Structure formats: structure tokens, C-alpha cells
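The structure under discussion appears below in the form of C-alpha cells.
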Amino acid sequence: MRIILALILSILINLNDSSKSPTNNVNFNLKNVFQLLKGSVLLEENEDVEPISSQELENLLRNFPVLVNDTICTQSESCARNWINNYNDLLERINQRGSYLEYKFETDINEENERELIDYAPMSNRFLELTKPTASQFLENCDFWAPDLRRMLFFAAQGIIFKDEKDVIEFSELSSKLESIYATAKVCETESNCLTLDPELSSLLKDSRDYEKLLWAWKGWHDQTGPKMRHIYARTVEINNKASKENGYKDLSERWIEDFEDDEFEAKYDELFLRIKPLYSQLHAYVRRKLKGVYGLNYPENHDPKLIPAHLLGNMWAQSWDNIFDIVVPFPNEEQINFTKVLVNNQYTPIKMFQASEEFFMSLGLFEMAPRFWKFSDIVKPAGRNFQCHASATDFFTGDDFRIKMCTSVDDENFYTIHHEMGHIEYYMAYKDQPAIFRSGANSAFHEAIGDTIALSVQTPKHFKEINIIDDDTMTKEQEINFLMLVALKKLAFLPFGYLMDKWRWDVFRGNVNESNYNQKWWQMRNKFQGLESPVERTENDFDPGAKYHIASYTPYARYFISHFLQFQFYKSLCKHADHQGPLYKCDFYRSEKAGFFLKKMLEMGASKHWSIALNTLTGETEVTADAIFEYFEPLQDWLQEENSKFLDDIPGF
């Protein structure tokens, strides 16, 4: 979906000369043309060929009705309805080709596939050039038209048209370079022993407790990615900001924020972080103290005692800390469920993990995966080709083709990631019958929250008992604190990182940060918001933001921050619909078709309604709040405050 969002709705060019379209007749219906191409869409189950060729798409674009100068038609609701129907038909085909080419490139990174993806960019740009001006003109006259039509026109009138075709081609080429650098980066111990991020470096950071070895892996990855991206990234910012201003935006940040349909979004974004910061500070202080007890003698002389070296938290970006649970577990003598060991002992394989995730969704009355999912998803790292291991889900816009690519290992982290990605697939399947322009989440944060909401239920002892992994789901108070600590290391620890990623990029897009101080400002934010420091000196020759996939791939990140609040709101509501009694953190809504009914009702809406209406459908609320997070973690918050109060020389804060 990234190429659709980035190239169709964000970074598309204007090829000028829309007047050369062969018809301005709104009664021309693209469905007549689509019937000729139908065979290329309804594929046999065992075929994996492109759903529409470049030439077929060119023909459709050439025949699309351009009405920007038709003042009579653009004031007519019936004309607008016919035009938007044609628009949706063409958008579906644009998305089919974009999804296919991106998936093809990311699962086999080579020059040929990269070239195809680059060549596709002007075609998607041509689509926006043809449609945005007409949609904007319709929008000026639509105050009393049907709400669904007004909303479709509103979306169709968004986006950025580049005035120079050279810019979009250059951006597409540079974007591919950024992704290729990230996907092919390796850290070498010797010439013949090189480690990729997944699974080797990630496993090292997860399992090793050797300070110097962790430092080697962290520094190696950051050195092999960011510096190669720095100048490329700066140029992509120039290109995007130029186009943003040409389209009436102050800069690209305004376009990104526009997707949340809230004039006060940034203020609310900041408020959510401030609301959660005191709880995060309590967790940070506790973890900081535990890590110092293990690694303190290794800390550099200039170490700030209030900060944590970023390489010690079990994750390359320190965005989740659950891999160091063994170091920080509050009550180490209490028996704990080692879910990775459970998976291995029960002979789980990657495919069995995916089947378990599917079964949970189906128990709610949601969808089983389509045959093409099992046939064509790439769920383990292949040999012999460069493969983008960052897990992702793709909607091919054919109604029966939805896939996940992932370098799956059999462990608890991958098990929850599978639920996250399959949550995307369930969302795709739920809204597949919506018009193409509504085939996305209520907003991007909704999409990220669905699978994680399910994972909150899956990880409970109650669920483990339900699926016969354990015999008894009762917990002592100490075990409950241990359980909540493990969840907090995944969820609470993420929030400052999720918050700062786009705070940094918004500042870059606004010119408050530039190539001369990229890295300085990055670490200032990581100090300020996460309470972390670089374990070694970093300079402006480095580009440490580029060590994160979403920077290299130009994927907006505010969605992940917001999704962490939404998933707890969704979870609380589903637990209520499932008639759960007791503390929120003990809820498992497995097999509750009542809960599934309300979830499905929200998912089926896609983007057809404002996100606040979708939220209200499931939760009865219209705003994103932190209330459910605080309810969930209340026992842990009380325990952390009491535990930290014992150390007067090490109070929370940084």
C-alpha cells in the first residue's frame, strides 16, 4: 500500500497537457474497456501474473474523461456520480499494478524489478493529473450532494501533483535506492561472515548480554545504512517540499497530517504524549536502574546517568524492550510462561503460526484467508535473492489476492507480528466491496491497531488455557506484575519512539532541521523523549534515522503512535462486548462472535466515514484517549511508583 499512498496521494507529478485526452464526455464509461481486460484480473488460483499490464493501463488513462473545463457537468450531481464511478474503476486498476510491482520488487530486489517500479511512477502521476483538477471543481459545487459522493470527491481532490516529470522520476529512483540500501545492508565480522538485520542481528540484540558485542551489532547496522542514505534523503526532501508548495501546502508535513482529517491533530498528538510520559518515566527509571546493575561498569566516561545507552534494550531501535525481560523481571523467582519455548515444544512452524492467527480471527466471525494468500505469500526468508524482511501486508485490489511477506522465525515476537499483519489482511477483506477510494482504513492508525488488538487477547494466560497450552490460568499478584511488565516493555516503551519519528520528520520537512544537523536533532529528540543516548559518538557524517525502515521507505509513522492508543480502546470495547468480567488485562475475547460483530461492522466501513464515526461504531467514543491504557496498566503503575520511591538518589525523569 505504501506506493499507493506515497505515489498516488502524496508525490504524484503533473505531466501537463490534460487537454489532449481524447474525450471530455462524462457518459463515456470505463467499464466497457474493463470488460476487455477482465481476464487479466480474475486469475486462476495457481497463476501469479500481473493483474494489468503497463500498456493496458496506458490505454485506460488515455480514455479517461477529463471535465475540468465543463462548467455545466461539474455543477451536476449526476455527472459527478458518473465521473466518480469511472474514477473508482480506474483507481482500482492503478492500485492493482502498483501493489503488484511493489510486492514483486520487495520480494526480489533486483535492477529489473526496480526499473519496473520506477517506470510505473509517471503512470500513477498521470492519473492524479487527470483526476484531481476535476474532483476539485466538483467539490466547489457539492454542498448539498449525497454525503458519500462529497467524501469521495474530497479524497479525490487531495494529493500532490509535481509540475515537472523529471522530479517524480528522480524521486522514484532515489526512493528505490534508499530501500535497496536498507534491504541489502550487512554487518561483517569477517569477509565470509556477514550478518543481515533479520534474523541475525535482531537475534544477537535479543539474546546477547555482552556489552561490546551488542555495541558492535548496533554500530555496524547504523554505519552500514544511514551514511549511504544521507545525501539521497536530503534530495528527496527537496523534491517533495518543492511539489508540496506548488500544490498549496506549506510543506510535506502538512500533507501527511491532512490524512488524519483533524485540524487540531498535532496539538492532540502532543497531548497524548504528555499524558503518557509520567507512566513511561516510571518504567524508564526502573529499567535504567536494572541495566546499570548489569552493564554499568561498561558505560563510557561521558555517560549521562539519566539516560540509557540505546544498544542495551534488545532491539535495534530500542522501540520495544521485551527482549530484556530476563534482566528487568520484577519477581524472577515466580514461574513464567515462556511462549517461545511453548511454540517450539508444540512443534509450531511458520505456517502453523499463521494458521493459529487465522483461526483466532475466524473464531470472531471474521474471514479465513483466501487461497491465493496461502499460495503466494512469502512467509520465510528465501534463499538466493535479496528480500525485504520488514513484515508487511499487501492488498492487490482484485478482491481475492491479499498477501504477507515476512522472514518468520518461531518465537513469541514473530507470533504477535503475524497477528499484526493478518489484522491488515482482515481489514482489506472486510472493506473489499467498498469503492476503491474507500478501500483503506478509517485512518492509517486504525489499520495498524487491528492485529495488535487481537494480540492483546492472544497473549493472556486465559487464552493459553483456552487453546490447551497451559492447564491453569490463575496468577499470583507477583505473576500479574511480571505479566504487565512484559506487556509494558512492548507497548509503553514504544510510545516515545513512535512519537518522535514523525516529530523529527515534520521538523525536517518544515526546514527546522536540515542536512547540516540531521543527526544532532535526531539524538536530541531521542534524549528528550525516550531518555536514550547513543552508545558511541555520532557525527553529521552519520544518518542514524536511516537505520529505521520507515525512514528509508518514506512511510509515515504517526499512525503507529496513535495506533497504540487505539488498540487499547478497541481491546476494552471488544472485552465489553464479550461480557468480560474482571481486570482488563485478563480479558480474552476469543470465540466471541458478539465482539466480532462490532469489530467487523467497523472494518467494513473502510474510509467511507470519518474515523471518529468508525471509532464510535466499536467503542462509543469519538476521540483517541489514553484512558484504556491507564486502566490496563494500573496495577503496574502503582507497583512502579512504590518500587522507584525506594531509590531517592535515582528519581524518575531524564
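Quick reminder: no glycine exception, Cβ is built from N, Cα and C everywhere.
Automatic prediction, not curation, is the source of TrEMBL annotations.
When Cβ atoms from all protein chains are considered, those within 10 Å of Glu421 (active site, proton acceptor 2) total 22, not counting its own. What TrEMBL lists as active site, proton acceptor 2 is Glu421.
Among the features that TrEMBL reports, active site, proton acceptor 1 is placed at Glu421.
The DSSP secondary structure for His550 (active site, proton donor 2) is helix. Under the heading active site, proton donor 2, TrEMBL lists His550.
For His550, the entry in TrEMBL reads active site, proton donor 1.
Sequence-distant neighbours of His424 (Zn(2+) 2 binding site) (same chain, 6+ apart, CB under 8 A from its CB) are Ala393, His447, Ile450, Gly451. DSSP assigns His424 (Zn(2+) 2 binding site) to a helix. For His420, His424, Glu448, the entry in TrEMBL reads Zn(2+) 2 binding site.
All protein chains considered, the CB of His420 (Zn(2+) 2 binding site) has 22 other CB atoms within 10 Å. Under the heading Zn(2+) 1 binding site, TrEMBL lists His420, His424, Glu448.
The chloride binding site feature in TrEMBL is assigned to Arg559. Following the DSSP three-state reduction, the secondary structure of Arg559 (chloride binding site) is helix. Other C-beta atoms found within 10 angstroms of the C-beta of Arg559 (chloride binding site) number 23, with every protein chain shown included.
There are 11 other CB atoms within 10 A of the CB of Cys188 (disulfide bond), with all protein chains counted. Taken from TrEMBL, the feature disulfide bond covers Cys188-Cys194 (among others).
Residues or ranges marked as disulfide bond in TrEMBL: Cys389-Cys407 (among others). Cys407 (disulfide bond) falls within neither a helix nor a strand when secondary structure is assigned with DSSP, and so counts as coil.
According to TrEMBL, the feature disulfide bond maps to Cys575-Cys587 (among others). Taking the Cβ of Cys575 (disulfide bond) as centre and 10 Å as the limit, one finds 23 other Cβ atoms among all the protein chains shown.
Under the three-state DSSP scheme, Asn125 (N-linked glycosylation site) falls in the helix class. The N-linked glycosylation site annotation in TrEMBL covers Asn125.
The feature signal peptide is assigned by TrEMBL to 1-18.
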In Å, rounded, how far does the Cα of Cys389 (disulfide bond) sit from the Cα of His550 (active site, proton donor 2)? 13
Of the recorded positions Asn125, Cys188, Cys194, Cys407, Cys587, which one has its Cα closest to the Cα of Glu421 (active site, proton acceptor 2)? Cys407
Non-local Cβ contacts of Cys587 (disulfide bond) (under 8 Å, 6 or more apart, same chain)? Ser457, Thr460, Lys462, Tyr571, Cys575, Ala578, His580
Using the alpha carbons only, what distance in Å do you get between Cys407 (disulfide bond) and His550 (active site, proton donor 2) once rounded? 17
Other C-beta atoms that fall within 10 angstroms of the C-beta of Cys407 (disulfide bond): 21
When the Cα-Cα distance from Cys188 (disulfide bond) is computed for each of the recorded positions His420, Glu448, His550, Arg559, which gives the smallest value? His550
Need this for a regression test: recorded positions Asn125, Cys194, Glu448, filtered to those with Cα within 10 Å of Arg559 (chloride binding site). What's left? Glu448
Closest by Cα to Asn125 (N-linked glycosylation site), out of the recorded positions Cys194, His420, Glu448, His550, is His550
